[in-house]
Amino acid sequence: MSAILSADDLNDFISPGVACIKPVETLPPKDTKNQEDAYEVTTEDKVQPEDLPPAQISLTDCLACSGCVTSAEAVLISLQSHAEVLNTLDAHPEIPLTHEPHGVGVNNTEDSKEGKIFVASVSPQVRASLATTYGISEKEAGYMIDQLLSGPQGLRGGGKHGNGFTWVVDTNAMREAVLVLTADEVSDSLNSGESSAMSQSDDSLPKRPILSSACPGWICYAEKTHPFILPHLSRLKSPQALSGTFLKTVLSKSLGVHPSRIWHLAVMPCFDKKLEASREELTDMSWRQGDSSGSESQPVRDVDCVITARELLSLASSRGSSLRDLPLQPLHSSFNPPFPEKTLDSFLSLKRSRAEQSLATGTSGGYLHHVLMTFQARNPGSELVVNRGRNVDVVEYVLMSPEGQPILKAARYYGFRNIQNLVRKLKPARVSRLPGAKPAVRPAAGRRQPMSRNAVSTGSSGSDYAYVEVMACPGGCTNGGGQIRVEDARETLGPSQGESLDASMKPSPHEQRAWLARVDEAYFSMDSESESELETQSQLLSLADKEAKIHERLRSWSEYMNIPLSKLVYTTYRKVESDVGKDQTPANDTSRVVELAGKIGGGW
């Protein structure tokens, strides 16, 4: 083993950088009162301390700073946590709803003037984590979460107002829409008429290879360290973001309330999803048009707070509720009102069959798998060739025609170490400053690498991929940093569950792998009762029919809101630059102001 490796290197978490734009320590300020005594010596004991406000670091600051690649988990937990959920539930009364002939409406009372509507969205990876922890099915884990967030024995059993969440939706519904739109995006890119990624001129389409953008850790890494990657990122919102946009748009219009009075909680497997929720691109400013009336001028987030599966345990514990004692059955209709817009209610009921959520789809939503299945269905007789990489988190796929010609080439890269290899492949060649010199040819692999028998060929530069599914966590989203760990399960369940090992003992790598395998198994499993019903529906619809149905629902959403679909489903990315290490003198600041004033036609 190399001497530079240590146990600290055996994970993909990248610690925060030492240069932060929001330092928590401050130096004594310059004394501006006696500038004429430029050579006066002042000792440390004569410096008068000042009462400065405590430093505060917001997630927006983290996104605007390139000092860190990712953010410390402690910062993320302190800013969006189960405590914020409880504080918000106790700070605002719940807007009462009334059942009307056309659906659900707002009951105009004092609470409706000051209150909020609480909604939540839950990812399937979180349900799988809970299912593994409590030894139940993924479907029962969903019932457990519903009972906690909305039922009488959950959050509603305590607090100042006895509030709970009116609607709890599955992010799989919006994921189905994202999968269809992803295949459309790849098709449009391939049909753009250009064979080279570097020569694509349509700014509305990402450059090939299109890289998935649902992982916020990967997006944060690309924006801060490799801006040349940004043109390759898929423009689609993640299922979390799209769920927030859907809930805020439809509920605000159908119930006649401002988006700021709809509070959306997302329960996700990853701490970095908190960063995604804080992006300024994912607010109502991206889709709300012409609404300049009223005093609400601040952008309203589509997702107000994100907690993880592990924090869900803390949420229940803080309310004095035991998850294992909650009923594993659907909510009573009195705690589960119908969605106010009936035409769009079917959108939230989209589910996946076992065939669509299998080992081949992966644990991160199946973006790549859906693209491959779509193109294989469009090319009858084609064959999918799978080439394994140097580890289980790198896989290359080639769709071959019956004549043996490649139709589509795609890949999957999980984990930051593999992502760095992908980035090196896509890095543009260095341009020589000498006049007339040709660009340097970058080696495909970047460095000498031994080839194994089953390794993916590194002869390509990576630009011949049509699509790459990229996730920051090794193993995918079921291995997210916010998932319930072995030691968390031991502490939660206690010795009564038959754990022979001490709860304080650190689990071995073998135990951790076995635990993750159980989470994956729960993620891929479905209840047998619902399986038969869903499979009969699935067999009746071809892939093209399913896509047409989802497109129809997306059009209905756009028409109902009178907002172009592009404003609802697409987002943007930006290069993140900070002033760390740059000249911050007043003279430099003045020159920058003069330059800016000249550009906008101003000046003195």
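Note: Cβ is positioned from N, Cα and C throughout, glycine not excepted.
Copied over from Swiss-Prot:
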BINDING   CYS20, CYS62, CYS65, CYS68  [4Fe-4S] cluster 1 binding site
BINDING   CYS215, CYS270, CYS473, CYS477  [4Fe-4S] cluster 2 binding site
REGION    434-461  region 'Disordered'
COMPBIAS  451-461  compositional bias 'Polar residues'
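Structure coloured by features recorded in Swiss-Prot.
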| residue | record | DSSP class |
| --- | --- | --- |
| CYS215 | [4Fe-4S] cluster 2 binding site | coil |
| CYS270 | [4Fe-4S] cluster 2 binding site | coil |
| CYS473 | [4Fe-4S] cluster 2 binding site | coil |
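Every protein chain shown contributes to the tally, and the Cβ of CYS215 ([4Fe-4S] cluster 2 binding site) ends up with 28 other Cβ atoms within 10 Å.
Long-range neighbours of CYS270 ([4Fe-4S] cluster 2 binding site) (same chain, six or more residues apart, CB within less than 8 Å of its CB): CYS215, PRO216, GLY217, THR308, CYS473, CYS477, GLY480, GLY481, GLY482. Counting Cβ atoms from all protein chains shown, CYS477 ([4Fe-4S] cluster 2 binding site) has 26 others lying within 10 Å of its own Cβ. Its own atom aside, the Cβ of CYS473 ([4Fe-4S] cluster 2 binding site) has 25 Cβ atoms within 10 angstroms in the protein chains shown. Compute the center of the Cβ atoms of CYS215, CYS270, CYS473, CYS477, which mark the site for [4Fe-4S] cluster 2; besides them, the chain residues with Cβ within 8 Å of that center are GLY217, PRO269, ASP272, SER364, MET471, ALA472, GLY476, ASN479, GLY480, GLY481.
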